[in-house]
Each structure stands twice: as structure tokens, then as C-alpha cells.
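Q: Quick paste of what TrEMBL says about this protein:
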- Cys83, Cys87, Cys90: [4Fe-4S] cluster binding site (BINDING)
- Cys127, Cys160, Cys220, Arg292: [2Fe-2S] cluster binding site (BINDING)
- 370-379: compositional bias 'Basic and acidic residues' (COMPBIAS)
- 383-396: compositional bias 'Polar residues' (COMPBIAS)
- 65-297: domain 'Radical SAM core' (DOMAIN)
- 359-396: region 'Disordered' (REGION)
Amino acid sequence: MFRITLSSIGRPIRLTRALATHATEAQTAAPKTRHDWTKPEIQKIFESPLLDLVFRAAAVHRQNHDPSKIQLCTLMNIKTGGCTEDCSYCSQSSRYSTPTKASRLVDIEPVLEAARKAKENGSTRFCMGAAWRDMAGRKRGFEKILHMVREVRGMGMEVCTTLGMLSPEQARQLKEAGLTAYNHNLDTSREFYPKVITTRSYDDRLDTISAVRDAGISVCSGGILGLGESDEDRVGLIWEVSSMPEHPESFPVNALVPIEGTPLEGNDPVPYQTLLRTIATARIVLPKTIIRLAAGRQTLDESKQAMCFMAGANAVFTGEQMLTTPCSPWDEDKAMMERWGLEGMRSFEQVDVARKEGGCRHHEHHEHHEHHDAPHAEPRPTPITSTSSAQQAALL
């Protein structure tokens, strides 16, 4: 806000004008988590002027999260290729001729070595992906994965897996082994989904998510932009996860990386503005969820990534590679974060994750984070209550 004071017949006249970015009370008040969003409501948010949308999302983000914290995650492919599904974006499908070669489930020790390296480089969540439709008939492989989960969890890291469809019993066993989160993306809206995948139904995915949630495991579920979907489909995806009994703990936003040999190899890159709108809208609708900037991030320059963080993204994949696509290396990410005044989250810092971990297992946190006085304290959000010059600078 600026003020001009003039003199008129001995009396000062004050002219004031509010900046266009002034946050209203409705925008700065910490919103309650809603499960009754309508598609028209979300569509209206998605289509609002971009800078207004980002500003509103930033306000919601600061009310619910520490804006200086980014979760660093590392993803390892523990079983590559040979999948019987027909996901049209995926190089691991056996139905397409792609550069990806099928391999068996890796041994335990290389996985543990990769997890140790990830932890040494600042990652606090280690994710393991296997290219399977489901775990049916894979008893030995599943037992091996349970061993991996126990060992990585014993390092004090959060552990995530993505193994295809799960039964309730398999979800229960993963929880007992120490699994923190399970990734099972919805990919897109229910309406557009059959144009991308035909071998697994939308309800199959929702059933697995329900089994994971019922087992007490945090749900990681998001989507992919650039499949050929419309803005209405992007809104439909966000609406779908917002309608779940519990919002997912994390919502990955992937930008399609077209891979030679897949049906979508010729797709155009998703416009950056669409990516930013999706992140900002998801932050407003899913205020307490971690928004994970996932595949395709390496195509964004630093300023574009910073805008995504301001709009509500607060987790990234970092390391040597994702499943079959490039990933930004640790050193580059840590240098970028230092330049922007960002720091990595601790393991189990996310409140909902800590709750499902039974209070975060205090002794483990003390052992691994002795330099923190209150390792389980809820992050202190930074509210936006006025448009001071410092806040304007931070939000523009």
C-alpha cells in the first residue's frame, strides 16, 4: 500500500491505494481441510489470473507449512521393465519397444547401499519402485522387499514403495515392516483415464489406495501432466483426491517425459503455466498435503522451480535418476536450495506422517537429529497478514 499526503486548506488529504497483490482475510486465514469441493469450485480456482492464483496458493502454503522447508526424496528402480500393463506413457511396459530392458528384482545390498548414499546426501525419504501389475504370486520377491523396507527404515529414513496393486494383507505386512508411504498415482481424471490405460481400472487404483490407507500407511497419489488431457481433466484429478476420506499425504505432480517407443513419444511438453496452475490449485484444495515436484523437473530452470516452490510445491526427487527418466543431482539441488534460502525437511517432520508413525519414535529422531531441540515440533507456518514491503518482495 502507498500513501500520498497533500495539503488542502490547511488539512491533509491522504490518498491510499491497495496493491493488486493485497491478501484478503479469506485468502490469509488458514483454511480447513475440505472433502466436499466441487469441480466447478476447483475449476474457478484453476482458471483465476495466474499471479493471483500463485499469491493465494503461497498464502495457504505459509499457513500450513514452513515455506523454507523442502523434502528431499530419492527414488530407486528395484525391478525394471517387463510389466504387462499398457500405460501409454511408460517405457517399462512389455507391450512397447523402448530402450528399457527388463531385469529381475535387485539384491538387497545394492538397495541398502543406495539408501545410505541418499541419506548421506541429504535425502530423508527413500522410494523403491518395481514394474509389476501387482504382487500376486511373488511371495519370495515380496519377502525380499519387506526385508529392504525394514533395513532402510532402520536407517532412520522414511520409506516409500510403488509395487502396483496391493491386497489388504500385503498392505498390512508392509506396514508391519515399517513402510512409511505407498505411491499409487491416479494419473489423470476418471474420464480421461481409459484413453491412457486399459489394463487396470480407475477403481482398481482406488481400491489399492483404500487398502494402503486402512493399513495405516501414508498415501502418495498424484498424476501426470502432458498425456493429452484437458484442463478439466487436471481439475478432475485434483477433485478426485480431494474427495478421499483422507487427503493423500503427498501429491506428486509429474510432467510427462516422452519416451521413444511409447504411444505418447510425440506428445508436446506441458506448458509451464499449466504445471504452475496445477501445483497452485492443488495447494489450495489440499492445504496440508505435500506437493511433490516430480518427473520433468530437470527441464525447468531455477527461477521456474522457485516459482513452483512459492506456489506450494515442497518436495522433490533428487539423486542420480528416477525410475527411467533423468533426475537433478544432489549437489545441484543443494546448491540451488542454498541460493534460495531453502533447507531439507527432517525425516518424519510432516505431521500426518509422524502421527501414523506413532509419535515419530522419539528415540530414533534424537539419535539422528541431536542438533534439533524439538525434533517433533510442528513446523511453524509463516502467516501473511499484511502487505508489507518485505512480504511483497517475497511473494512477487
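Every residue gets a Cβ built from N, Cα and C, even glycine.
Help me picture where these features are in the structure shown.
A: Contacts of Cys90 ([4Fe-4S] cluster binding site) defined by a Cβ separation under 8 A and a same-chain sequence distance of 6+ are given as Cys83, Tyr96, Ile259, Thr262, in order along the sequence. Look at Cys90 ([4Fe-4S] cluster binding site): DSSP puts it in coil.
Following the DSSP three-state reduction, the secondary structure of Cys127 ([2Fe-2S] cluster binding site) is strand. For Cys127 ([2Fe-2S] cluster binding site), applying a Cβ distance below 8 Å and a minimum sequence separation of six or more within one chain yields Cys73, Thr74, Leu75, Met76, Val159, Cys160, Thr161, Thr162, Asn183, Phe317.
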Q: Taking all residues of the domain 'Radical SAM core' (65-297) together, what is their mean pLDDT?
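A: Over the domain 'Radical SAM core' (65-297), the predicted model scores a mean pLDDT of 94.
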Q: Which of Cys83, Cys87, Cys160, Cys220 (the binding-site residues) has the most other Cβ atoms within 10 Å?
A: Cys220
Q: Taking the centroid of the Cβ atoms of Cys83, Cys87, Cys90 as the [4Fe-4S] cluster site, which other residues of that chain lie with their Cβ within 8 Å of it, listed in sequence order?
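A: Nearby residues not in the site list: Glu85, Asp86, Tyr89, Ser91, Gln92, Ser93, Ala131.
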Q: By a simple count, how many Cβ atoms lie within 10 Å of the Cβ of Arg292 ([2Fe-2S] cluster binding site), its own Cβ left out?
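A: Its Cβ has 24 other Cβ atoms within 10 Å.
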Q: Excluding Cys127, Cys160, Cys220, Arg292 themselves, which residues in that chain have a Cβ inside 8 Å of the centre of the Cβ atoms defining the [2Fe-2S] cluster site?
A: Cys73, Leu75, Arg125, Thr162, Ala181, Asn183, Ser250, Pro252, Ala315
